[in-house]
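Visitor: In case it helps, TrEMBL gives these features for our protein:
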- His208, His244, His276, His313: heme b binding site (BINDING)
- 46-160: domain 'DOMON' (DOMAIN)
- 167-368: domain 'Cytochrome b561' (DOMAIN)
- 1-25: signal peptide (SIGNAL)
- 209-230: transmembrane segment (TRANSMEM)
- 250-267: transmembrane segment (TRANSMEM)
- 309-329: transmembrane segment (TRANSMEM)
- 344-367: transmembrane segment (TRANSMEM)
Amino acid sequence: MALVRNAVLFVTLLTGMFVHGAAQACSSYKFPNNVKYAACEDLAVLESSMHWNYEASSGVVDVAFKKANVNGSVWVAWAINPTSKGMVGSQAFVGVHKSDGTIKAYTSPITSYSPIMQEGNLTFPVYAVSSSYTHGHLIIFATFQLPRNTTLLNHAWNHGFVSDDGTLRPHSFSLSNLHSFGTFDFVSGRVSQTSGNVNSRITFTNVHGILNTVSWGILMPVGVIMARYLKVFDGLGATWFHLHRACQSLAFLIGIAGFGTGLHIGNHYGLHNTPHRCVGLTLMCLAFTQVCVALCLRPQKDHKYRIFWNIFHYIVGYATIPLAIWNVFKGFDILNAHNIWKETYVGIIVSLAIIAVILEFITWIWICNKKRVMKSKEHVNVGLQRA
């Protein structure tokens, strides 16, 4: 018992030391030129911290936002929103560090859900803004006037990469990047992380990814495989058609649900990725057109225009597959999905490809044997007729 009690005491002391050390992490940082700040707070995610001086009589704030482990060409931004909790209306302070060592700091008002972080004036007076880079820490310094009678503000912070041409690329949609916002009180120093909205957003993005992976990325290719390879077997009759139609209909319905969640995410949370969104819209248009043409304009088998319908049906169907697979992988990249999800989906696609190759081989053997049998019967019939 004494041994257990001593072990518990040791763990408790060790934990207390760790928590105390973590709490003092921001205050232990030494700024260049021996700049001092009266208060600081380590932010919950992205290895960031806030340091500030607040003058109550004038409402002027001196702020230093620090982001650790910055390497290469990277942008860092800290923003406050005096009017609402959304991205639109945020007033951002941006620091850009390029791999050649150049540093730039400026202000940027956020006016859309797809900001390009252009330089511009904020809605409140800004007296100074600058940045520095020291030992992997990118720091944004700013002095500005808080709105009248306001000390509690919504704030957000994030970072991303800078392309070779100087364009600021969108930030990642990983959990840490999606959790980087909350409220900030310059008087009490109280920082709260808004988790409810984040949890809802994460749930929707996960549901969106699952629905579209299952519908466009798996069921659609399976339906195409059914249509191509099962119909050559005479014993199945129309079974291949019913299976194909059921599989594609289920994929289409699930795809509609996935598309709806994507629209909800874009409209309510401001998460947009132009290539992913454009391909998703294209897939929905192709699928909707395919369904409408199949239901309303599908000619009978012996109709003279049936060949044109077949060509259209095949082109649209086969074009959907590579687009869908590309968009699924693009979605994984956007969400920074764990490798297990990517590897699982790669395994599924490779398995379907192997099945398709095997069925292609079997189909050609079946067709060749069928033609050989038909030719043999024709020769027998010709011989009987001559006899």
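Placement of Cβ uses the backbone N, Cα and C atoms for every residue, glycine included.
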Visitor: Just to verify: the residue among His208, His244, His276, His313 with the fewest other Cβ atoms within 10 Å, which of the binding-site residues is it?
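Guide: Least crowded of the binding-site residues His208, His244, His276, His313, by Cβ count within 10 Å, is His313.
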Visitor: If you average the pLDDT over the domain 'DOMON' (46-160), what number do you get?
Guide: 83
